[in-house]
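Written below as C-alpha cells is the structure these notes are about.
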C-alpha cells in the first residue's frame with residue numbers, strides 16, 4: 001500500500017463567532033498520493049477555505065489528524081498557498097513579489113537572483129519583472145502567483161479558486177499551463193473550484209463537499225485528468241454530468257425537495 | 001508625447017491658479033486700503049527685506065518645531081496604529097480610551113503643557129505631537145484594520161514572522177493612508193504651532209507675527225504671514241512628492 005502524501009482523518013474544526021461556536025468542518029477524511037491532483041468542489045460555506053487554512057498551517061486549532069508528508073502542517077514548509085485574489089502585494093513589483101518567499105527563507109542575494117530569474121524566465125514573465133500587479137492582466141497575475149509559489153520548490157501546492165476571476169479563454173490557457181507545470185514538477189496539487197469542468201479537467205480525485213457542517217459528501221476517482229485533449233470528449237462530458245448530478249442532488253436535499 | 005502634454009497642462013493650470021490668487025489679493029488690497037493688507041508687490045519686497053533680517057531665524061525655529069513634532073507623532077502613531085489595527089484583542093481594550101479622548105480638543109491642554117514642561121521648545125513640540133499623533137493613529141489603525149485578509153494569509157503561509165508581516169504587508173500597505181493623514185495633520189500642526197508660539201516665547205514665526213502686530217509694523221507682519229503660508233505650502237509639496245515616490249504603485 002502506498003503511503004499518502006496528504007492524509008486527513010476525522011478533521012473537526014470549530015470557531016467562535018459572536019460568542020457562538022460554529023462547526024466549520026466535521027469528520028473530514030481526505031487523502032492524496034504524491035504527484036496526484038485533487039480537486040475540492042462544493043457550494044459556498046462548505047468549509048473549503050477553512051480546510052485550506054488548516055493545510056497551509058494558518059490554523060492549528062483543529063481536532064483530528066492532518067499529515068503532510070508525515071508531518072503536521074506549518075507555514076513556510078513544503079506547502080505553497082495560492083489564494084483567490086492571488087494575494088500578490090500591489091506595492092511590490094513582480095520581481096519583489098516573487099523573491100519575497102526566498103527573502104523570508106534567508107537565502108543569499110545570489111541564490112535569490114538566480115532562482116527568481118530562472119522561474120520567471122520559465123514562466124515567460126521576465127519582461128514583466130519590473131511591473132506592478134495593477135499593470136498586469138488577470139492571466140499574467142495568475143502566472144506571477146504561480147511563480148511566487150513555485151520559486152520555493154514546494155511539494156504541495158494549494159490553490160483556492162485560483163481561476164475564478166479569469167475569462168473563459170484565459171482560464172483554459174492557465175489550466176493547460178498548470179497541467180504543464182504539474183507534469184514537469186510532479187507536484188501534488190490540491191485545488192478548490194466552483195467550476196465542474198475545471199474539476200474534471202484537473203483532478204485525479206474529486207472531493208464533493210457539502211455544508212452544514214462542512215464535510216466530504218462524495219469522492220470521485222477521475223484517472224483521466226491531466227490530459228490536454230480531454231476537454232469536449234465524451235468521457236469528459238459524462239464525468240462532468242456525473243459530478244453535476246452529485247452536486248444537484250445535494251442541493252435538492254438541502255432545499256428539502 | 002501625451003504625457004508631456006499632460007504635464008504642460010498641469011503646469012499651466014498651476015500658474016493660472018497663482019495668477020488668480022495674486023489678482024484677488026491685489027483687488028482685496030485696493031478695496032480695503034488697509035496697511036494690514038499691502039499690495040502683492042510691496043509685500044514681496046518687504047518679505048525679501050525681512051528675510052535678510054530676523055524673519056529667517058524665526059522661520060527656522062518654527063520649521064524645526066513642526067518637523068520634529070510630525071516626526072515624533074509618526075514614529076509613535078504608526079507602530080501603535082498598526083498594532084491596534086492588526087490585533088483585535090488589543091484594539092478592543094484600547095478602543096474605548098481612544099474613543100473617549102479623540103474628540104477632546106487637545107489644544108486646550110496648552111496651559112498645562114506650559115506649566116508642566118515650561119515655556120521652552122518641549123511644551124510646544126509635545127503639544128503639536130500629541131494632536132497630530134491622534135490623527136495619524138486613527139487613520140493608520142483603520143488602514144491596518146482594512147488590510148485584505150489574503151495579503152496576511154499569503155504572507156503567513158510563507159512562514160512569515162510578525163516583523164515580516166509588519167515590514168512587507170502592514171507598513172507598505174498602510175503607507176498611502178499614513179501619508180494622507182500626515183498631509184491633513186500638517187495643516188493642524190501649523191495652526192497649533194502658530195497658537196503655541198504666540199504665548200510666552202521670543203522665537204518662532206507665530207511670535208514674529210504677533211510681535212509685529214503689537215509694534216504696528218504691518219509690513220513685516222504681513223511678510224511673516226506670507227512666510228508662514230509658504231512654509232506650509234512647501235511642506236505640503238514635500239509630503240506630496242514623498243507620497244509619489246514612496247507609493248509609486250498607486251500612481252501607475
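Just so you know, glycine gets a Cβ as well, placed from its N, Cα and C.
If you look up TrEMBL, you'll see B:59-239 marked as domain 'ABC transmembrane type-1'.
Under the heading transmembrane segment, TrEMBL lists B:62-85 (among others).
Beyond the ends of the transmembrane segment (B:97-119), by six or more residues, the same chain brings 126-127, 130-131, 134, 137-138, 192, 195-196, 199-201 to within a C-beta distance below 8 angstroms of the stretch. What TrEMBL lists as transmembrane segment is B:97-119 (among others).
Annotated transmembrane segment per TrEMBL: B:125-144 (among others), in sequence order. For the transmembrane segment (B:125-144), the residues of the chain that approach it from at least six positions outside its boundaries are 65-66, 68-70, 72-74, 76-78, 80-82, 84-86, 91, 98, 101-102, 106-107, 109-110, 113, 117, 170, 173-174, 176-178, 180-182, 184-185, 188-189, 192-193, 196, judged by C-beta separation under 8 angstroms.
Marked as transmembrane segment by TrEMBL: B:190-209 (among others). Distant neighbours of the transmembrane segment (B:190-209): 54-55, 57-59, 61-62, 65-66, 69, 107, 110, 114, 119, 123-124, 127-128, 131, 220-221, 224-225, 227-228, 231-232, 235; these residues of the same chain sit at least 6 beyond its ends, with a Cβ under 8 Å from one of its Cβ atoms.
According to TrEMBL, the transmembrane segment annotation covers B:221-239 (among others).
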